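Have a look at the structure below before the remarks.
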Amino acid sequence: MASPTDRHREGLTREEEELLDRQIRVWGVDTQCAIRDSVVSVVVLGDDLSFLGRTKAEIDATLRDMNPRCNLIVEVEEVAEGNQKPSERVLAAELIKNLTLAGIGNLRVSLVSDVSRLQCERSDVAIVFGTNLRETCEATELVAAKASTVLCSTVRGGCGYAFLRRHERGEARAGGVPLQTALLDVPAEDLPRRVNKMYGVLRAALAFERSEKAGGRAPGAADLDAVAELSQSEISLERHRPPLDLLRNYLETQAEMPAVSAVVGGSLAQEVIKAISGKGELMDNFYFFSAYGSPDSGEAKVELIRPKEARAT
Amino acid sequence: MSGTCSVSGAREACLGSRVLCVGAGGIGCELLKTLVLSGFSNITVIDMDTIEVSNLNRQFLFRRRHVGQSKAKVAREASLRINPKAKIVAHHANIKEDQFDVDFFKSFDCVLNGLDNLEARRHVNRMALAASVPLVESGTAGYRGQVTVHIKGETECFECQPKPIPKKYPVCTIRNTPDKPIHCIVWAKDLLFPRLFGGEAVGAEAEREDEGKNGGEDEGKDRSDIEVSERAEGQPAVEYGCVVLREVYGDAIARLAAVEDMWKDREPPTPLSSDVIAAGRAIVQGRARGGDDKVPTSASLALGLSDSHATWSAEQSAAVFLMAVEILLDGHADRVGKLGFDKEFPLSVDFVTAASNLRSHCYGIEPKSSFDVKGMAGNIIHAIATTNAIISGLIVLEAQKLLLRGLRQDDDGATLTPWTTFVQHNPTGGRLLQRIKPLPPNPKCYVCSKAQVVMEANTGLMTLGRLVDDVLRKALAFAEPTVTVGSTMHYECGDDLEEDERERYDALRKRSLGDLPGDPIGHGSLVQVEDFSQEMSVELLVCHREPREGEDPDFFEVKGEVKGQDGGRGGEDEPEGEGDSDSDDLCVVEEAVGEKRKGAGQEEPAKRQRAS
């Protein structure tokens, strides 16, 4: 991918400048041109984009109304009656809204329920949203083959996270480990001394999804004891284990707390713009935020978590 | 306790609560969306603004077809489409209006601010204190933002800490000795533009250093002493523009340059050459004219200068100047005499850019692009949707905690601690959101702690009018102050005053403090100031002193935690960059545009400056 500054010399029209004046003053014309010329792919493992709409027609109309200049593709997989996902994907809607307002020039939004049917196209940045961690890991690896920067993210209840995987010309960079590796294959001695408690929640939840008992499903409120047990066995050091209140909040519902989605969605959009523009320090590789339930709730923390051997590459 | 720290607990807190959203701009739009999605079903929103094109990059409830309409009303309609069950009341009004009194504020469980200016913030802070309603205050500037919770008696109020003072410039620098582009821009915007196209020249940013010294008799006087001939009947606008250029940039500059004493320590300015004016005129006359009779919307575009980031040559500036004069005088004849600078009106931006750059040319100052001039003249605060979205989420989280505190008296409190949270662009210590506990009330705060305010002034010179207007209204942000000393009421205001009372107070306004009848105000006087609209009172201790060497004879100095408006002292050494934005945002801290990504391990220094 050519650097944004090499590619974007056309400048902006007066109309674009008038419309985007306040943000051009923040990040400059070169970044605005890079945003306009970028290709971003958003994959949502779900079937409802909350305030942006439920159907392909609704979502398409809302986004075109918001930014008529965007080359927009919306794909919504037909879901059989009774198979719909239960919750609105507020976080995905937040990110898509933020990117559309920012002036992304080429945006593909795909709502799918079955990862195996996911069609990936080449893009500068791809973002995957899924409640089920196992499916999210799978989808992220699929899109990683076609995008330089891949992010995945979820909000469940009042708990949110985002994960970044970045490549340069098809090769994994330092830190470019898959989500599954970052969650399950990092020994305790390789973890930061004080890791955000959300990490333990995600690790236990993914371990649960991969367990025989779960059969691949994401844990719910009824699985609190099982997930709490896994947090003990999967995480060897007490200081890395999540408080029960935080686990409870994560498991209580698959619905998102919209305020948390607004926080994570805004941060995530900013990371996409950093990736496109090459300006700013990208989150590497985890971003955690929770509203309640833990001593570190209320602060958004970026933590680099990977096996020690991955750091040497 | 069950559900307290959970999604269901938070939703429970929202149901049945009544919240007031002040502002439906950048933060306000995001806030309304997050509120209705979170289950808040009883919302009142107030905003006096209408929608502009430059709002559309971040105020996502609005579309181009809404430009010119009420923000509050359009935001209400759009929010109802997200959650049709919500009950939303919208007021297209100023929050300072009488209808929004203390009883109005008392009818809410929580006040959520998404405001764009200090004056309104201070007013809402006082009303929330008077009504004992918690306030969630917020602000953004570019990548940075802040959310703070103000709870009466528990945390500091919005005015417990000093606020940045808006930048002002001495008139003598603006008129005679500019040395920075901003000086020329303020001159073009506040003095020349109103002189040619407006009514009274009222400089918002030029310091009133030579006014108000004569008992307020100069109030309203036209301060633009720029000598310009009137346009002769039938004189073509471009010809008139050339006359203005010769008089303002040629003759006046030459007269100034001849004052030798002024240029002992600096280079004198150079008058604009007639060649530059002739070249500018030739560009205007040689331009390609459109086939229709439409009045051009932009002088620079009409001349083919489409790159707003380019700086114009002196000849191009002269051409834009003449072109703007022609379009404004001939195409907007009905508005001439009433026009003021408007950053959203391209002709006024073109004119101020050209006029300031020509002045810069005379003084050897670097010129600026029209993009830069628009930002500087319009005090534009940078704004993006992402920061507003994050801030709205944080506001709602704090509001939910406040409401839960009311519901759950048995809670241990730890999880419902209110936070002040700072949004950062790059991680500092790994944190993109940094939280701290709000400070307790400041015992020196005259607003929430009833601390005494000390004012130093020359009581023989300061008039009651200046005390009311500049000290009480501007510096201390009273809306309707009454002034009492001992048993003598010197001043009160309001719509219910009798005609004879009004006349009496108008007469007293012109008298010096030491010359007031009954109980004059002198050294050691204790002045009781009350504002019934804000349910607030302050004791003002007056200390008379003579001005120090070099100080404005009609100085005043207010001591205590009261800064936030110009306290009678302006000048070159004040920080630059503060100003009200067009919409929702306030200055937190500047960050350089175009900063490249830092290498691993390079931490951005923490900049935890307080919003506004």
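Start at 1 and count along the chain as shown; that gives each residue its number.
Each Cβ is built from the backbone N, Cα and C atoms, and glycine gets one as well.
Remember, TrEMBL labels are computer predictions, not curated facts.
Features as listed in TrEMBL:
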DOMAIN    B:15-446  domain 'THIF-type NAD/FAD binding fold'
BINDING   B:23-28, B:ASP47, B:55-58, B:LYS71, B:116-121  ATP binding site
BINDING   B:CYS157, B:CYS160, B:CYS445, B:CYS448  Zn(2+) binding site
COMPBIAS  B:210-232  compositional bias 'Basic and acidic residues'
DOMAIN    B:341-374  domain 'Ubiquitin-activating enzyme SCCH'
COMPBIAS  B:549-572  compositional bias 'Basic and acidic residues'
COMPBIAS  B:573-588  compositional bias 'Acidic residues'
COMPBIAS  B:593-612  compositional bias 'Basic and acidic residues'
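Structural mapping of features recorded in TrEMBL.
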residue  : record              : contacts (Cβ under 8 Å, 6+ apart)
B:ASP47  : ATP binding site    : B:VAL22, B:GLY23, B:ALA24, B:GLY25, B:GLY28, B:SER70, B:LYS71, B:ALA72, B:ALA75, B:HIS91, B:HIS92
B:ASN57  : ATP binding site    : B:ALA383, B:ILE384, B:ALA385
B:CYS157 : Zn(2+) binding site : B:ASN125, B:LEU129, B:HIS150, B:PRO441, B:CYS445, B:VAL447, B:CYS448
Give me the mean pLDDT over the domain 'THIF-type NAD/FAD binding fold' (B:15-446), rounded to a whole number.
90
Out of the binding-site residues B:ASP47, B:ASN57, B:ASP116, B:CYS448, which are near chain A, with a C-beta less than 8 A away from one of its C-betas?
B:ASN57
What does DSSP call B:GLY26 (ATP binding site) in the simple three-state scheme?
helix
What are the DSSP helix/strand/coil residue counts across the domain 'Ubiquitin-activating enzyme SCCH' (B:341-374)?
23 helix, 0 strand, 11 coil
Between the Cα atoms of B:ASP116 (ATP binding site) and B:CYS160 (Zn(2+) binding site), find the distance and write it as a whole number of Å.
19
Could you say which of the binding-site residues B:ASP116, B:GLU119 has its Cβ with the most other Cβ atoms inside 10 Å?
B:ASP116
Alpha-carbon spacing, B:GLU119 (ATP binding site) to B:CYS160 (Zn(2+) binding site), which is rounded to whole Å
15
One finds that other Cβ atoms within 10 Å of the Cβ of B:GLY23 (ATP binding site) number exactly 31
Three-state secondary structure of B:GLU119 (ATP binding site) from DSSP?
helix
For B:GLY26 (ATP binding site), the number of neighbouring Cβ atoms whose distance to its own Cβ is within 10 Å equals 31
What is the separation, in Å, between the Cα atoms of B:CYS160 (Zn(2+) binding site) and B:GLY26 (ATP binding site)?
26
Report, as a single number, how many Cβ atoms besides its own are within 10 Å of the Cβ of B:CYS160 (Zn(2+) binding site).
22
Here are the binding-site residues: B:CYS445, B:CYS448. Which has the lowest count of other Cβ atoms within 10 Å?
B:CYS445
Tell me whether B:CYS157 (Zn(2+) binding site) sits in a helix, a strand or coil according to DSSP.
coil
